[in-house]
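Okay, so here's the structure we're looking at.
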Amino acid sequence: MIEWKHQSIPQIKAAIQQQQLQAADWHILQTDSRKGVRYLVQQHQKRLRRQQQLQQDFQRRCQFEESFWQQQKLVAGIDEVGRGPLAGPVVTAAVILKPQQVILGINDSKVLSATQRRRLYQNIVHQAIAVSVAVGSVQLIDQENIYHATELTMAQAVKHLWMSPQHLLVDAMIIPLDIPQTKLIKGDARSVSIGAASIVAKVYRDALMSTYAQIYPQYRFDQNFGYGTAQHLTALKEFGPCPLHRKSFAPIKDYYQ
C-alpha cells in the first residue's frame, strides 16, 4: 500500500487522474494534513457528483424514447432554432439516436454554452443513427408565416433522414407528415432526442449566421444571430434592412410601407 504522506501533491494528483486509488486510499487522503491534498479530494468528489447527475439527467430524458426502443422502433427527435429572430432562416433538425447510446450533457441548447454545444454536436453527429438538417428561407417565412414555415421545414428535416423513423418526438409542434408523433411542450429539456436536435439546429444556424456576417458585417450577425438586440436595432436604423431580414416581422415591415 502506498504511503501517501510521503507522496508529493503533484504525485497524488497524477495518481487521481490515472484512477489508481482504492477506497482505503481515499479515506487516508481525506484526512491528510495538507490542505492541497484535501482540495484534490474535494475536487474529485465534485466531479463524481457532477458525472452522476449527468447520468441521472440522461436517463430521465430517455423516458419518452424507452417505450419505443423496447419495441425496437426508430424514434426521431425534431426541434427548431430561429423562430424569433428578425433576420436569417429558421433551421430544423431531426435526430435518431441509438437505443441505450449514452451521450452525457444533452439538454435544451439554450441552457448550454457555445463550447458545450459544439462538443455535443460532434458527439451527436458521429454517434447517432441518423441526423438531418433543413433550412427554411427568409422568403418561405415571409410567404407562409413563421409557424407554418417551421412546420414545413421540420417535415423536410424528417424526409431527409436516410432511415425512416417510426415515431416522432416534436418540440411543441405537430408536423404535417403521416407518421405517428408526440408533441412535447419544452421537449428539448425533457427528451434526449429532441435535445439532441436542438443542439444540432443551434450549432448549424449559428455557423450559418456567422457566415452571413461576413457578407453583411454591419449587422454583426455573428454576435446577435439575427435576434433583435439593441445593437442590431441600431444598425437597422443606420443601414436599413438587408435581404436576410424578414419583411413580415416588426419592425422590419415598417421599412417597406
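Using the three backbone atoms N, Cα and C, a Cβ is placed for every residue, glycine included.
The domain 'RNase H type-2' annotation in TrEMBL covers 73-257.
Annotation source TrEMBL lists divalent metal cation binding site at D79, E80, D171. In the three-state DSSP reading, E80 (divalent metal cation binding site) counts as strand. Spatially close to E80 (divalent metal cation binding site) yet at least six residues away along the chain are V90, V91, T92, A93, T150, T153, M154, D171, M173, A201, judged by Cβ distances under 8 angstroms.
Long-range Cβ proximity for D79 (divalent metal cation binding site), meaning a same-chain Cβ under 8 A and a gap of 6 or more residues, is found for T92, A93, V170, D171, G187, D188, I194, G195, A197, S198, A201.
Using the Cβ center of D79, E80, D171 for divalent metal cation, the list of other same-chain residues with Cβ within 8 Å runs, in sequence order, I78, V81, T92, A93, M154, V170, A172, M173, G187, D188, I194, A197, S198, A201.
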